[in-house]
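**Student:** First the structure, then my questions, so here it is.
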Amino acid sequence: MKKKWLIGNWKMHGNLASNKALIEGIRAELPEPDPRAELVVCPAFPYLYQLKDLTAGTGIYVGAQNASDHLQGAYTGETSPLMIKELGGSFTIIGHSERRQYQGENDGLMGRKSLAAIDAGLIPVICVGETAEERDSGRTHEVLARQLDAAFGYIRTAHDKIILAYEPRWAIGTGIAATPEIVQAEHEFLRQRIAIRDKEFAARLPIIYGGSVKAANAISLFSMPDVDGGLIGSAALNATEFVAIYRELLQTIPADEAA
Ligand code: 13P
């Protein structure tokens, strides 16, 4: 059975006390994640080690929000994926649109970062997505294809070592999620494009959606056939809401699918 994924991107929020309260809150509402749907939280870099401790033995995984495209060297201010791994991370978000927007990251860098993450033993959560202007001018597929090809040109296929996230920029932090129909159409487009390279890989690749997901809209988005979970921003900072989204995700798994 193909696993589902719920990944919380905490962005530049949190401190020692609030991180602890958030994990304790999640655990109080959800003593144990269901093995059919993995739960991942991505704190800011300085808190990775704290999260390693807080999540030990809980079944909750930890990821970073970014990683260098190098494993080590004279790259001031950068964080190696090997360091993330050593501090307890198993995942790293790559190419988030906020990094494209504010840090000038481009498609090529995203590809190199994904490769370095895989080399270090992390699972990259590779983000793609169009802006409102790109969608309005009918260029969504052109943009998604370009971003996808840049990332996968470097890594080709790496079975079970990659998660793809569709995050349309216009839906991030706006409170207006993409409609389930749009999300399904774009996930299908992405999966078909990957199938050109490797059909089996495309069928197994988890493609998750991010952008204003909350408990109230989660089930309609997660029920779409090509949606394998969610990448959650602001709603991941509230334990009750995050667990409620997780429970909605579980509801989309057919009852006859064994763990
Ligand atoms: P929001 O859920 O706050 O819209 O953020 C989504 C996101 O950027 C997750 O990476």
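Glycine too: its Cβ is placed from the backbone N, Cα and C atoms.
Those TrEMBL annotations? Automatic predictions, nothing curated.
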**Student:** Out of Gly25, Gly173, Gly229, which is the one TrEMBL records at the substrate site of Asn9, Trp10, Lys11, Ser212?
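**Tutor:** That substrate site, as TrEMBL gives it, pairs Asn9, Trp10, Lys11, Ser212 with Gly173.
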**Student:** Can you give me the same-chain residues 6 or more apart in sequence from Trp10 (substrate binding site) with a CB-CB distance under 8 Å?
**Tutor:** Val41, Cys42, Pro43, Ala44, Gln65, Ala236, Leu237
**Student:** Among Asn9, Trp10, Lys11, Gly173, which binding-site residues lie by ligand 1, judged by Cβ under 6 Å to any atom?
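**Tutor:** Among the binding-site residues listed, those whose Cβ sits under 6 Å from ligand 1 are Asn9, Gly173.
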**Student:** Name the residues of the same chain, 6+ apart in sequence, whose Cβ is under 8 Å from the Cβ of Asn9 (substrate binding site)?
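**Tutor:** In sequence order, Cys42, Gln65, Ile93, His96, Gly210, Leu231, Ile232, Gly233, Ala236 meet the Cβ cut-off.
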